[in-house]
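What Swiss-Prot records for this protein:
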TRANSMEM  2-22  transmembrane segment
TRANSMEM  51-71  transmembrane segment
TRANSMEM  80-100  transmembrane segment
TRANSMEM  112-132  transmembrane segment
TRANSMEM  137-156  transmembrane segment
Amino acid sequence: MGWWLFPILGYFIGSIPFSYLIPKWLKGIDVRKVGSGNVGATNAIRTTGPVVGGICLLLDALKGFFPVFIATTFSGDPKLVSLTAIATVLGHDFPIFMKFKGGKGVASTLGIIFCLSWPTGIVFTLTWLVIVMLTKYASLGSLVALYISALLGYLFKGYDTGMLILILAVLSTLRHSENIQRLLNGTERKVNLFKR
């Protein structure tokens, strides 16, 4: 199997827009036209509720997990695994099936983190939950959890894993630029995890 097939597979799997498809199929809601308009799990949770949004979150995480799992299983080369992970998140962020307008990569990155270091994935999840429950700001929870995960990935698994998660954190930060501005202005949208 050619090395280049792994990142290509990752990109196309990452491009599957579960956070658009699931709300559309189950609730008839186009997430591009409601809430923040973002094709991601947070907007799905905000606009369709915790059940449908939770399904989107799980599927978006799994599409991050599996390409990296495949690359790790059949290659194991850290550089190829990293390239596959980055390609997968870029697929989520810029999906070919949605005219390159996608999400912000958090759920897919979470799946990648669980694949590389499940203890780090658990810490990410708990950090995100605590911050979002306290502040109602999913973007804040995501960014804090990502950078904590980069440090833990380095401590638990070494330089390659820590650096990969850091790169993915930076990519997500760039995708969250408008959210960061709204957080600073006090106008960021809030999300309630337990009700629509």
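Glycine is treated like the rest: Cβ placed from N, Cα and C.
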Self-check item: Tertiary contacts of the transmembrane segment (112-132) (same chain, 6+ residues out, Cβ under 8 Å)
Solution: 61, 64-65, 68-69, 72, 81, 85, 88-89, 138, 140-142, 144-146, 148-149, 152-153, 156-157, 161, 164-165, 168, 191, 193
Quiz item: Among 51-71, 80-100, 137-156, which stretch has the most Cβ pairs under 8 Å to the transmembrane segment (2-22)?
Solution: 80-100
